[in-house]
Amino acid sequence: MNKPPHLLLPLVLLVLLSLFSLSTAEIKTLSITNDARAMILFEKFGFTPTGHVTISVHSVSVASSVNAPNPVSSRLGFFLLSEESLLQVILEIQENPNFCVLDSHYILSLFTFRDLSPPPLSSFNQSYPVTAPNEYSLFFANCAPETRVSMSVKTQVYNLDRDGSKDYLSAGLTQLPSLFFLYFLAYAAFLGLWIYVCYNNKRSVHRIHLLMGGLLLMKALNLICAAEDKHYVKVTGTPHGWDVLFYIFQFIRVVLLFTVIVLIGTGWSFLKPFLQEKEKKVLMVVIPLQVLANIASVVIGETGPFIKDWVTWNQVFLLVDIICCCAIIFPIVWSIRSLRENSKTDGKAARNLAKLQLFRQFYIVVIGYLYFTRIVVFALKTIAAYKYQWVSNAAEETASLLFYVVIFYMFRPVEKNEYFVLDEEEEEAAELALRDEEFEL
């Protein structure tokens, strides 16, 4: 038997809930206008035994295109759903096409529209304790077919600390302010060391080294803004403007990171002072795509799954990120092939072998970094218990720091590059090595 479209949507949304990891926590005020969705996801939050959820709704209006024999108010309401109960609810919906999730024994029902104050106010304000620690999702369900709802909703989801203060960060994310601040200190020290190295090797400093220094600066500023953002959300429930600075520095950092990888991959400033036409096209593709990816990131981070196009924006972000990750690999491959061809004609075997080794190592490091931060980190977010969500953030930042350290060491400015200190025996050995096909990708 085919399920009505009205009931297929909650099933799909519940499945999507298990795929996307949401880091919501702030006090949020939003408006739902003429919305007919069967289910709307508001928050996903890890509660301790002292958790609370406060919901305030007002200006509620319900419009139905059919004349229902019974009041629909009991078919509209808010509830909490734990991760463990997700599959049970999906099974209930599959087994009974007319099943209303508000009737499920696996949900924690908060209130229905029967509890609203009489018109014209049509409002409700209540706080609920969550005594069973777990990760819950806050949903609104509309089980009345062909019914559209408009309302203003304010949500506050938090845990209480031992001193009674509210912690608006999920149980698995409350460590993030300290974590980001520690990594900020690491990058600040890294930047100081990079400035010292560049100052002591002025003659070997190229424009790419200045860009690399700018990248370190943006990464450090991005982290300190992330730390302040999470700190204010943790304490007050709102970021107090730090989220704006965070997104600004994140945008500059990400664009700089991809640009630096492309420029190093082409050998610009390090091997040659110019870019070829195909290399310019890569930058012309990557930079606008990163602008789009950052717009998607802002929409995802600052709105939430309650907007109708939230899943679409997630798909846009993932697709653009994959395209950019693939695009930045091409210049590295082109450089390796170009060095391989030049080694057959210019008579500088040892120098070319050294460059080939360097760029092959760079290729491996970039591939490893992209694989870890895109696949392994996502897997950690998916499988880690809600109390340890911060582990995926720590893994991502650790991998990024190691990536920066390795790349900056490989392409540091040095007056006497050890690769180019040669003798005749090394030259002969290099010629033999270059005859091998091991550098073909």
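Note that Cβ sites are derived from N, Cα and C of the backbone, with glycine treated the same way.
What TrEMBL says about a protein is an automatic prediction, not a curated fact.
It should be emphasised that the depicted structure is a prediction, and the values quoted were computed from it without experimental measurement.
For 1-25, the entry in TrEMBL reads signal peptide.
TrEMBL lists 28-159 with the feature domain 'CAND6/7 N-terminal'.
According to TrEMBL, the domain 'GOST seven transmembrane' annotation covers 179-417.
Per TrEMBL, transmembrane segment is recorded for 180-199 (among others). Panel annotation: around the transmembrane segment (180-199), residues 205, 209-210, 212-213, 216-217, 219-220, 223-224, 226-227, 230, 397, 401, 404-405, 408, 412-413 of the same chain, lying at least six beyond its termini, place a Cβ under 8 Å from a Cβ of the stretch.
Under the heading transmembrane segment, TrEMBL lists 208-224 (among others).
Residues or ranges marked as transmembrane segment by TrEMBL: 244-270 (among others).
Positions annotated as transmembrane segment by TrEMBL: 282-301 (among others). Remote same-chain partners of the transmembrane segment (282-301), defined as residues 6 or more beyond its termini with a Cβ less than 8 Å from a stretch Cβ, comprise 243, 247, 250-251, 254-255, 258-259, 262, 275, 307, 310, 313-314, 316-317, 320-321, 323-324, 327-328, 330-331.
The transmembrane segment annotation in TrEMBL covers 313-334 (among others).
Beyond the transmembrane segment (362-384), the same-chain residues lying 6 or more positions past its ends with a Cβ under 8 Å from any Cβ of the stretch are 21, 172, 261, 264-265, 321-322, 325, 328-329, 332-333, 336, 391-392, 395-396, 399-400, 403, 406-407, 410-411, 441. According to TrEMBL, the feature transmembrane segment maps to 362-384 (among others).
Residues or ranges marked as transmembrane segment in TrEMBL: 390-411 (among others).
Against the transmembrane segment (313-334), stretch 244-270 has more CB pairs under 8 A than any other of 208-224, 244-270, 390-411.
As a summary of secondary structure, the domain 'CAND6/7 N-terminal' (28-159) carries 22 helix, 72 strand, 38 coil according to DSSP.
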